[in-house]
Amino acid sequence: MEKARPQWGHPLQFVFACISYAVGLGNVWRFPYLCQMYGGGSFLVPYIIMLIVEGMPLLYLELAVGQRMRQGSIGAWRTISPYLSGVGVASVVVSFFLSMYYNVINAWGFWYLFHSFQDPLPWSVCPLNSNHTGYDEECEKASSTQYFWYRKTLNISPSIQENGGVQWEPALCLTLAWLMVYLCILRGTESTGKVVYFTASMPYCVLIIYLVRGLTLHGATNGLMYMFTPKMEQLANPKAWINAATQIFFSLGLGFGSLIAFASYNEPSNNCQKHAIIVSIINSSTSIFASIVTFSIYGFKATFNYENCLNKVILLLTNSFDLEDGFLTVSNLEEVKNYLASTYPNKYSEVFPHIRNCSLESELDTAVQGTGLAFIVYTEAIKNMEVSQLWSVLYFFMLLMLGIGSMLGNTAAILTPLTDSKVISSYLPKEAISGLVCLINCAVGMVFTMEAGNYWFDIFNDYAATLSLLLIVLVETIAVCYVYGLKRFESDLRAMTGRTLSWYWKVMWAFVSPLLIVGLFIFYLSDYILTGTLQYQAWDATQGQLVTKDYPPHALAVIGLLVASSTMCIPLVALGTFIRNRLKRGGSAPVA
């Protein structure tokens, strides 16, 4: 007798699992960057439009497929057509790539969390040099937060060609991160269903605390005004629309197979349409909410740096011209500078090269995303807060909850097809399958703990999923609407849920969403081709800053392999199925 499929203990567990998976680090460190780059409040216009015409429909499609087929990604697409098994295989491959490197972020989160209990915070001041005669030269040229990130955390090499060895401290943190994930997925939906209540809700508690604190910080209004002041001319910028569509697409986690896996454990009568709308709205609302928190803190940091810059100029002029202490202030600085320049032109010309150009606008214009925002910009702001240890612990605890929540979805996309397989599950219990997947990912992930590990992390982050996911979701929409048949799928949904599919979903699935995906695919493909030689940012310790370098041939080969290994699964599996069917027909033909 076939074993009954596990189910979520309560529909809320499914919703929380989807929220925990979809609401991730990208909401905190990518969406605020896009707002900053593409017109502040005006970026919300293309973002909301793309949510309606792309995000919600595609999320509903994946949830409906998982709930209808009641299998992981491979089995679900094989049920629709044996020739489409490669879509599920491609999803598993991409999820495997993502799991390899994504948990490294959680390892860094653990590293910073452990160091957050020190007083003072280790990234708040530069260490002394070996002679104890001054500060470390690399740290002085960069900043204390950059030094802690690039030298103490990553111990980064000058280029991707100098790999170095595995570093034991990051390796231990990565092992701990994978142990945490394993404990959360150990019993399948039984354990994951309980964990997601915490991983989904805890980040909101921290964000609310940070919002209250952020709004009371000096200069917070400068950041919020910068965010909410719309630059309407950006609406005519095609890249604003492309990035809005891309952010919606990747933020919801479409194409990985995680959503299909989660939905496969639902009751067939579950209202997945309602849940798709809820999850997509909560995900986008979280991005906007996180941006308000980020920009309030960003405004504090920018104002702090701006005023610090002004104070250094005041000190320089006061000492150079023997002015009375307190005579020169921020309010009369420009007036006094003009007076000194006209009265003492020769002396002022000597001092002028050392006078820094202080600008609040330029501080706010400094756009940073990804690990730079999470581990450098935020820590720069935190170190200047009162009771900085508390805010640091809260912040990195939140990052860990977001990261682990996303990892639960990533691993579900891999594990569900494996546990669905009768061959594999007949030999190994699900605890052993989960353990093997975590162990393999952890072992391969050690590459990212080497001195050149951050460069390999960037390669995986930039190239392992982008084109592959667009192709996967495009084939998914074509498969449902034109292979399985939209009318047939509509009939299935009506039989399952008792609800009729509205014209909106049908138009989006059949026409609008596929055309948008094709447009994104063409954009990214042409962008890669027109870019020419692919480049990366390397840390130069002698200058204390990032420099641009060309990827070496072996790195380009890895990039090509990452893109091809997942995208080629779709045509290769289809071709293999076709050949196998032809051979079966040929073998079963009657002998004359």
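Just so you know, glycine gets a Cβ as well, placed from its N, Cα and C.
Residues or ranges marked as N-linked glycosylation site by Swiss-Prot: Asn131. Residues or ranges marked as topological domain 'Cytoplasmic' by Swiss-Prot: 1-7, 64-79, 187-194, 263-276, 411-431, 487-504, 576-592. Sequence annotations record features per position, and here Swiss-Prot assigns topological domain 'Extracellular' to 29-42, 101-165, 216-241, 298-389, 453-465, 526-554 based on sequence analysis. Annotated transmembrane segment per Swiss-Prot: 8-28, 43-63, 80-100, 166-186, 195-215, 242-262, 277-297, 390-410, 432-452, 466-486, 505-525, 555-575, in sequence order, evidence recorded as sequence analysis.
Looking at 80-100, 277-297, 505-525, the range that has the most CB pairs within less than 8 A of the transmembrane segment (8-28) turns out to be 277-297. In terms of DSSP helix, strand and coil, the topological domain 'Cytoplasmic' (64-79) has 13 helix, 0 strand, 3 coil. With a cut-off of 8 Å between Cβ atoms, the residues of this chain six or more beyond the topological domain 'Cytoplasmic' (187-194) that come close are 6-10, 13, 17, 265, 408, 412, 415, 419, 430-431, 434. The largest share of C-beta pairs under 8 angstroms with the transmembrane segment (505-525) comes from 43-63, of the ranges 43-63, 80-100, 166-186, 242-262, 277-297. Around Asn131 (N-linked glycosylation site), no same-chain residue six or more apart in sequence has its CB under 8 Å from its CB. Helix, strand and coil counts under DSSP for the topological domain 'Extracellular' (526-554) come to 8 helix, 12 strand, 9 coil.
Tertiary neighbourhood of the topological domain 'Cytoplasmic' (263-276): same-chain residues 5-8, 11, 14-15, 18, 56, 59-60, 62-72, 76, 189, 416, 496-499, 505, selected by CB-CB distance under 8 Å and a gap of 6+ residues from either end. Within its own chain, the transmembrane segment (466-486) is flanked in space by residues 58, 61-62, 65, 77, 80-81, 84, 87, 90-91, 93-94, 249-250, 254-256, 506, 509-510, 513-514, 517-518, 520-521, 524-525, 528, 563, 566-567, 570, which lie at least six positions past its ends and keep a Cβ under 8 Å from the stretch.
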